[in-house]
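Under the heading domain 'Major facilitator superfamily (MFS) profile', TrEMBL lists 9-467. The transmembrane segment annotation in TrEMBL covers 58-77, 158-182, 194-213, 347-368, 374-401, 413-436, 442-463.
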Amino acid sequence: LTFPLLSVTLLVSFGSSMLYGYNLAVVNSPAVYIKAFYNATWSRRYGHGLAPGPLTLLYSLTVSIFALGGLVGSLLVGVLVERYGRNGALSRSALLVLLAGGFMGFSRELESPEMVIIGRSITGLHSGRCCLGCGAVHSPFLVARSPTAHSQGAGEDFIFPMATGSAVEVIFICLGIFFAQVLGLPELLGKDRFWPLFLSVVVVPTSLQLLLLHCFPESPRYLLIERNDVCGATKALRRFLGTPDVQDVIEEMKEEQRSLSSVEMVSVWQLLRDCSVRWQTLSVAVVNAGMQLSGIDAIWFYTNTIFENAGIPASQIPYTTVGTGAIEIVAGLIGCFTIEKLGRRPLIITGFCAMGICSAGITASLLLQTTLPWMRYISVACVVGIIAGFCMGPAGVPFLMTAELFTQSHRPAAYIVGGFLSWLCNFTVGFVFPFLQMSAGAFCYLVFCGICLLVALYVYFIIPETKNKTFMEISHIFA
């Protein structure tokens, strides 16, 4: 692992995966102040404040519209990469974040809640392009060419095995969430006068990425396969690998280029109608949707509200939230080191089961806390269990599993299906959870419990272990 490779990996992850994690958690601590701003602005405009229902609706839209932007961005990422390359696509996406930061940073001075909502949607558009889109822009920097049939031609460059690369993304997402939680402490930006600045901090890592990204060569694979620029790919490889002898790698990529030229890519509609991969397509849909409907998005978006309902004293909630973020990073690291050793199935089944049990535990603790005050700490432990279960299992597996269940001809369409469902379910949870909490109370977490256990059962009975198996072997097991 050479210094240029390590540097570009950290830089791209810093401005994409970590930024995605930051945007997931940044609306948590300033929720009270943002709602107060919306209410005051509405009162000045129309002479009366917002009722609790419309105020919750407006704030839920602010939280969840990030995912709608991500959905749109994920559908555009392929066009951007094909037209501008990895560096070009990242640079153009970074400019969007600067625009979004301006909208959110000046929203209070201009008395415009609409600017907050627009800014959130633009940051989602950036995350969809750079982090969770079909064939994510920065993934080719994070994963390595693999000689096994099931991952050859997946669009990888030369750093980590694909499983480890997927886990690295999870770690940076966890770091982004943790930084948002730390900056949201009352001693830092967790005050009323600072919340616009808190939301617009996203411009800092993006600006750094924008300034430094052009110091590194374009993706060698993009230069050779997409642009047929052998000279440029050779120079980039020499820079990345730190050696003048890269001819073997060039020949390998040329072989891949020849194989890709003979492959006819399948559209989404063709994928959905293809009986030979029906169970694989259904599996991708179940795992990606289940990952977002597991309740983890509710935890990230509304952590402080969950702890407040659990009876945690208001003065302790910010620090409890930071503690969960620290545990989240540890769980992500554990997942990174175990995904190749334990395989995909055990991690994802154990993760979903743990999340389901902990969701039921939150319901039980909320129902019993009036008679047993110490149950509030059980609620905190269950929240930690949901986060740990997610980071060690479901977080890093869906992207990896999609690559291993399909050949190159079907893989881009499968990523579109998985990414679309992932962002759509993210939006659904972010928008619906406050209303679900108001209507069902403590029992709302049983919805997440049921989903988690059903997904775990589906994986146990339907999806085989994909570690070290070729596509043909996996297809035979499905058949």
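From the backbone N, Cα and C atoms, a Cβ is placed for every residue, glycine too.
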Query: Where, among 58-77, 194-213, 347-368, 374-401, 413-436, do we find the most CB pairs under 8 A to the transmembrane segment (442-463)?
result: 347-368
Positions on the same chain near the transmembrane segment (413-436), where near means CB under 8 A and six or more residues out: 56, 59-61, 63-68, 70-71, 74-75, 128, 132-135, 265-268, 270-272, 280-281, 284-285, 287-289, 291-293, 295, 297-298, 301-302, 305, 398-399, 402, 405-406, 444, 447
Statement: Residues outside the transmembrane segment (194-213) whose C-beta sits under 8 Å from one of its C-beta atoms, at least 6 past its ends, are 11-12, 14-16, 18-19, 22-23, 26-27, 29-30, 33-34, 37, 87, 90-91, 94-95, 97-98, 100-102, 104-109, 116, 119, 123, 126, 183-184, 188
Distal contacts, the transmembrane segment (374-401) - CB-CB under 8 A, six or more residues away: 136, 139, 162-163, 166-167, 169-170, 173-174, 283-284, 287-288, 290-291, 294-296, 299, 303, 306-307, 310-312, 320, 323-324, 327-328, 330-332, 334-336, 338-339, 344, 347-355, 357-359, 361-362, 364-366, 368, 418, 422, 463, 466
Task: Summarise the model confidence on the domain 'Major facilitator superfamily (MFS) profile' (9-467) as a single mean pLDDT, whole number.
output: 83
